[in-house]
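> For 33-40, 112-116, 167-170, the entry in Swiss-Prot reads GTP binding site. Summarising the annotation, Swiss-Prot assigns domain 'tr-type G' to 24-240. Feature annotation from Swiss-Prot assigns region 'G1' to 33-40; the stated evidence is similarity to another entry. The region 'G2' feature in Swiss-Prot is assigned to 91-95. Annotation comment: Swiss-Prot describes 112-115 as region 'G3', evidence class similarity to another entry. For 167-170, the entry in Swiss-Prot reads region 'G4', with the evidence type similarity to another entry.
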Amino acid sequence: MNNHIQTAISEQGIEAYLHAQQHKSLLRFLTCGSVDDGKSTLIGRLLHDSQQIYEDQLKALESDSQKLGTTGEKLDLALLVDGLQAEREQGITIDVAYRYFSTAKRKFIISDTPGHEQYTRNMATGASTCDLAIILIDARKGVLDQTRRHSFIASLLGIKQFVVAVNKMDLVEFSQEVFERISAEYREFAKKLSVDTIHIVPVSALDGDNVVNPSDKLAWYQGETLLSLLESAEVERELERHPVRLPVQYVNRPNLDFRGFAGTLASGILRVGDKLAVLPSGKESTVTRIVTFDGDLDYALPGQAITVTFADEIDISRGDLLVDAARKPLVTQNLLAHIVWMGEESLQPGRVYDVKLATKKSRGQVEAIRHRIEINKLDELDASELKLNEIGLCELSLTDPVAFDPYQEIRDTGSFILIDRLTNVTVGAGMIVEGLAAKVATGHYSEFEVELNALVRKHFPHWQALTISNDASKE
């Protein structure tokens, strides 16, 4: 057992300790930056200096540092995080590594994401659930293209809080001038990003300067340490202020006397007595019970797995979205979205993919790529396809109407994945910007052709027939 935890349990008792842990706030954050900026070392330093390493881990780390370490006689703290053998042997991070730790003030989940451009998809995966991003910058190199790329992706994935850690300050003799030059350059670049708060902090992860404890070598820096910034960062409460969104995962009917609809509340505070609408059908009813494994609730918060029952018998199935009847999202078959392409084969407009948005499954295709984003310079370039790890702004059409919110407002109902229909492999991740109007083909059509078109679109949506209208009928 970890000595820090053992001491806490002996002082408080096991029940009091577990109760305190359960009620601490949780911050999810990721570390990202250029290759070999020290991401894994920084996480190892956080774990080590906050006394979150178990005795057996420490012994294994001492042994591994002698065999695989890159820090001489010192502990190579990066080995705490670089779990894959390929990563350890190469001294780089490839996969997204998750780590958990806590302090007296807060619990943390860390995503250590790869710095290489060919692993952009891995980084997007790690960023999608985080509240805050730590952007590492090598004090010797300053702001690089990879720094800009990671900052842009984190912003695109909805992260609003950045902590920029200017690392390896020991290699520039803890120079205030170097730190201030890098700070000014990064803040100028960050004006292009959709970020609410940016803190910039000088650190040396190798020796622990200003990571957990203040350093005399950085006496000119008057701000907080890195850990202090993480402990004081605002945990995202915005979801509670948004309207209720509950994607239906399955219909719960254990007997003839009970019929509930189960799912994880995506946003809003749901209360017994609330009036909800079912989308896309639009039917409405009042919530009579909120049921959980531990019993009934008067209200539910975002992230809770619940089952709701209604006053009326209405048709609801998996994939439907239960929403605040007074604050409904848009429903459409046409979307504008940023897509991060994760497939080995390029994204080709016109090819049909399976689409999963929350619990809703449909089929769809990219009608057009408006532009590809050159993620190192943030330039918008013309493109006819998207290759592995590329990001583009795309027009997407679906076979079924879907209810959605813009991704920057509610992640769960504003994101989707594209699945290859032959291999069942996830090949793309999408963040919805807005809905688009349906495309209409106009011309001279007979009344029969217009009616047949409406019939085909209603009963055979997977044919993806365009809506047609008769010019003469508009005159």
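Every residue, even glycine, has its Cβ placed from backbone N, Cα and C.
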> What residues in the same chain, six or more past the boundaries of the region 'G4' (167-170), come closer than 8 Å to it by Cβ-Cβ distance?
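Answer is 33, 37-38, 42, 136-140, 178-179, 202-207, 209-210, 217-218.
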> Would you count the other C-beta atoms found within 10 angstroms of the C-beta of LYS39 (GTP binding site) for me?
30
> CB neighbours of GLY33 (GTP binding site) within 10 A?
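A count of 25.
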> Hey, does DSSP put ASP36 (GTP binding site) in a helix, a strand, or just coil?
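Coil, per DSSP.
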> Including all protein chains shown, what's the count of other C-beta atoms within 10 A of the C-beta of THR113 (GTP binding site)?
27
> May I have the DSSP-based helix, strand and coil counts for the residues of the region 'G4' (167-170)?
2 helix, 1 strand, 1 coil
> Which Cβ among the binding-site residues (ASP36, MET169) has the fewest C-beta neighbours inside 10 Å?
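Selected from the binding-site residues ASP36, MET169 on minimum Cβ neighbours within 10 Å: ASP36.
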